[in-house]
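**Q** Can you keep this structure in mind? I'll have questions shortly.
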Amino acid sequence: MNITVLGAGAWGTALAIYLSARHHVTLWTRNTGHLAELAALRVNQRYLPGQHLPDSIHLASALSDALEQAELVLVVVPVAGLRVTLQRIAALNQSLPLVLGCKGFEAGTAKLPCQVVEDVYSAEITCGVLSGPSFAQEVAMGLPAALTLASDDDAFARRIASEIHTSILRVYSSSDVVGVEVGGALKNVIAIAAGISDGLAFGNNARAALITRGLAEITRLGVALGGHRKTFTGLSGIGDLILTCTGDLSRNRQVGMMLAAGCQLPEILLEIGHVTEGVYTVREAHEMGRQLQIDMPVTQAVYSILYEQIPVESAIRNMLDREPGAETD
C-alpha cells in the first residue's frame, strides 16, 4: 500500500519507520529546512534522534507530491495545525481516506480531530483515528506495542487495522471514534497531574489513585460526549493513560514534574521543545466539564495551576480536601 505520513515529528517519523517495512511510505514536512536535514542525515535529529530513516522512505515538502500516489494518508500533526493541514489536503483531493494520529481538542471549538475533518470536507470522507499506548521511540525501535484504529466505517477500520497490524505492533479495530479520541486527549491532562504527584514525592499509592480517579473523570466526560463506556477500559483509555502517567518518556508527565519543581510554564515548554498537548487540552476539557456539569477534580486542579496561577501545593490540597463520596459517582 502507498501510505503518506503527514508530519515529521516524533510520532509521524516513528510510524513512517515502522510502516516502511511492509509499505511504500512518503514522509511529509512543510519545513524545508527540516526536510533537508532528514535527507542529509536520514535521522530525525530534532524529534527522534538515534533512529535511522530507511532509504525506502520518500521525503517530501510539497503536499501535492506527497499525496500524488497515496492510497492512505496518516495525518500526524499537532491538533493546533490540523484544520489548516486538512484544508490543504481537501483542496488537492477530496476522496483520499484519512487516519488521524493526533490527540486533543481543537482550541476555541473544543472539537475532536474527526469532528474537524467533518467541518473541513464538503462531502463525506472515510476517516479513522489511531490511538493507544505508544511512545514513538519504542515503536521506531521495533519494540512490541498495541493500538486501536477506530472508524465509523467498520469495514474500513478492520481493513486498515489488518494492513498495518504485525506481531510487533498489534492493531485492534473499533467503531467508537469519540471514545477513542476522548481517551487519547484527556490522558495527557491526567499525566500532568501524575507528574506533579511524582515531583512532590507523593509515592506510588498516590499515583495509582490519580490514574484510577483520572480514568473516572475521563469516562464521565467521554460518555457525555457520546463515547462508549467500555472503550475507556481498552488500549486507547486505561492503556494509554497508564503509559502516559508512568513512563519516563512522557512529555506531559515531565511538565507536571517540572511544575512541582517550581518551574514556570513558558520555561517548561521551551526546555521540553516538543508539543505537549495536555497543556492545551486542559483548557477545553475544563470548559466542557463546566458546561456539562461534570465533576472533573483532577482536570480542575491542573487547569488552576496552569491558567489561574494557583500554587501547586494549594491546588493539590484543594483536591485532597474534597468531601468523600461513592467511588462509582
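Using N, Cα and C of the backbone, Cβ positions are placed for all residues, glycine too.
This is the feature table in Swiss-Prot:
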ACT_SITE  LYS187  active site, proton acceptor
BINDING   TRP11, ARG30, LYS103, ALA136, ARG251, VAL275, GLU277  NADPH binding site
BINDING   LYS103, GLY132, SER134, LYS187, ASP240, SER250, ARG251, ASN252  sn-glycerol 3-phosphate binding site
**Q** Could you check which of the recorded positions LYS187, ASP240, SER250, ASN252 is the closest Cα neighbour of ALA136 (NADPH binding site)?
**A** SER250
**Q** So among the binding-site residues ASP240, GLU277, who's got the most Cβ atoms within 10 Å?
**A** ASP240
**Q** If I restrict to non-local contacts, at least six residues apart, and a C-beta distance under 8 angstroms, what lies near SER134 (sn-glycerol 3-phosphate binding site) in its own chain?
**A** TRP11, ALA145, LEU147, ASP240, LEU243
**Q** Would you mind reading off the Cα separation of LYS103 (NADPH binding site) from GLY132 (sn-glycerol 3-phosphate binding site), to the nearest angstrom?
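**A** Here the two Cα atoms are 10 Å apart.
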**Q** Among LYS103, GLY132, SER134, LYS187, ASP240, SER250, ARG251, ASN252, recorded sn-glycerol 3-phosphate binders, what is the largest CA to CA distance in Å?
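**A** About 16 Å separates the two most distant Cα atoms.
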**Q** Measuring Cα to Cα, how many Å separate ARG251 (NADPH binding site) from LYS187 (active site, proton acceptor)?
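**A** On Cα coordinates alone, these residues lie 12 Å apart.
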**Q** Quick one, of the recorded positions ARG30, LYS103, LYS187, ARG251, which Cβ has the fewest other Cβ within 10 Å?
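**A** Result for the recorded positions ARG30, LYS103, LYS187, ARG251: minimum number of other Cβ atoms within 10 Å at ARG30.
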**Q** 10 Å Cβ neighbour count around ASN252 (sn-glycerol 3-phosphate binding site)?
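**A** There are 25 such Cβ atoms around ASN252 (sn-glycerol 3-phosphate binding site).
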**Q** Is LYS103 (NADPH binding site) helix, strand or coil when read with DSSP?
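**A** Where LYS103 (NADPH binding site) sits, the three-state DSSP reduction gives coil.
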**Q** Sort out the sequence-distant neighbours of VAL275 (NADPH binding site) for me: same chain, 6+ apart, CB within less than 8 Å of its CB, listed by position.
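**A** Result: GLY9, PRO78, ALA80, ARG251.
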**Q** Can you tell me how spread out the NADPH site is, meaning the largest CA to CA distance among TRP11, ARG30, LYS103, ALA136, ARG251, VAL275, GLU277, in Å?
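**A** This binding site's residues have a maximal Cα-Cα distance of 23 Å.
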**Q** Go through the recorded positions ARG30, LYS187, GLU277 and tell me which ones have a CA within 10 A of the CA of ASN252 (sn-glycerol 3-phosphate binding site).
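**A** Cα filter at 10 Å returns LYS187, GLU277.
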**Q** Roughly how many Å separate the Cα of GLY132 (sn-glycerol 3-phosphate binding site) from that of LYS187 (active site, proton acceptor), to the nearest whole number?
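**A** Cα-Cα, rounded: 10 Å.
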**Q** Which residues in the same chain, at least 6 apart in sequence, have a Cβ under 8 Å from the Cβ of SER250 (sn-glycerol 3-phosphate binding site)?
**A** PHE135, ALA191, GLY195, LEU243, THR244
